[in-house]
Amino acid sequence: MALAVQVAFRILSGKPPGKALSRPRMLIYDFLPAHATLGGILLGSASVARMALTGRILGVSGITGGLVRGHAREPQRWLFAGGLVGSGLALRAIYPLAFNRAELAPWREALGGFAVGLGAGLGNGCTSGHGILGNARLSPRSMAFTATFMAAGCAVASATRAASAVRAEHAPPPPVIDVLALAARVLAAHAAGYAAVVGLTSAGALAPPLALCALSALDGSLFGCGLGLSGMTSPARIAQFLDVSEGTWNPTLMFVMGGALLLATPFLQLAVLRRGGAAMGAPLLGGRFALPTNSTIDAKLLAGGVLFGSGWGLGGMCPGPALVNLASPHGAPLIFVGALCVGLRLADSAALNAWFGAPMPPTGASAPPAESAVAKPASAPSAEVSRRGG
């Protein structure tokens, strides 16, 4: 993919592509596949845990975006966002290399955050909801959205020389065995938390709404730790992945997604979608699996992908890493997060949706109504029908 984007960039910039085609020279640097895979496994674990226990999709832009899209009174959304920020505070102590002092121009933060928010709102998802769980269940919409934002991200990052513009000082990474041990401790601690919530809920000692709140905090915390260990909290590493204009490339990000899909794909395909005969039937805490059924690839989805990818290529952040970075000791990306919220809110405007010929979207689109998430088991173990994106 990187070579294809590099050739396209040379053509658009008026440079002959012959040299790139005949003798491709892509310098791979700062490549940390093992660290990225371990972080990705934590991302996949959080996504699987949320779906297995509550039947909900872990979509960062949908859960946290609901706070500015009409669902600010749902405490589980605040607790999920708090889990992401809390993971940043924990990473400062247990893995400070998750953060680095980065140089990011304010205009990149503002424009990038706005485009990411607007794109996630129009496309009903981001790198978590579409990128992990959507692709894991082989959703045509999620695959189209992912391909679109990746292409747009590479094009914009390369055109604006993001790898040179988004600079950061990265300390030497710790040995893989140390990161493996840390990932195991993080996973064990969160597994104990999940087990405690399930046990208390099953015993009737914890009411379903409180269980959902506790689980949401754990989901956000585990997902945030995965972002930190994988390197996705560094805007510079994202820029190094997307910008191929100088013939250099850092493919680490591919292994983050690969690690997450390594867990999410078999779980979705076998346990939830029941391919191959295996099936959970229903979430462990009752209710139904809330999986989107909309398979339409329309202009609104693709426009969302272009906007999301463009913002990602400019600012090197998407919703999850931006929220984790609010706890960064080197300064919080307040401009990016503020612009992100504005973009998410604008995605619900009647005029914009009318322009796309689409009805007003349901706000907080990555999650079903709160009362359906943790409930008594349904009589029929089927997936909840939803027309939400992804």
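Cβ from N, Cα, C; glycine included.
All TrEMBL annotations are machine predictions without curation.
Marked as compositional bias 'Low complexity' by TrEMBL: 365-384.
Under the heading region 'Disordered', TrEMBL lists 363-390.
Feature annotation from TrEMBL assigns transmembrane segment to 38-58 (among others). Away from its own ends, the transmembrane segment (38-58) comes close to residues 128-129, 132-133, 136, 176, 179-180, 183, 186-187, 190, 194, 197-198, 212, 215, 218-219, 222-223, 225-232, 255-264, 267-268, 271-272, 280, 282-285, 287-292, 366-368, 373-374, 384, 390 of its chain (Cβ-Cβ under 8 Å, at least six residues beyond either end).
What TrEMBL lists as transmembrane segment is 78-98 (among others).
As annotated by TrEMBL, transmembrane segment applies to 110-133 (among others).
Taken from TrEMBL, the feature transmembrane segment applies to 145-164 (among others).
Feature annotation from TrEMBL assigns transmembrane segment to 176-198 (among others). A Cβ distance under 8 Å defines the sequence-distant neighbours of the transmembrane segment (176-198), meaning residues of its chain 6+ beyond its ends; these are 34-35, 38-39, 41-42, 45-46, 49, 53, 94-95, 206, 211, 214-215, 218, 221-222, 225, 229, 284-285.
TrEMBL lists 252-273 (among others) with the feature transmembrane segment. Sequence-distant contacts of the transmembrane segment (252-273) (same chain, six or more residues past either end, CB-CB distance under 8 Å): 30-41, 43-45, 47-48, 51-52, 127, 131-133, 135-138, 226, 230-232, 237-238, 240-241, 279-280, 289, 291, 383.
For the transmembrane segment (110-133), same-chain residues at least 6 beyond its ends with a Cβ under 8 Å from one of its own Cβ atoms are 43-44, 47, 51, 57-62, 65, 69, 139, 141-142, 145-146, 149, 223, 257, 260-261, 264, 268, 292, 300-301, 303-320, 322, 333, 335-348, 352, 356, 361, 365-366, 388-390.
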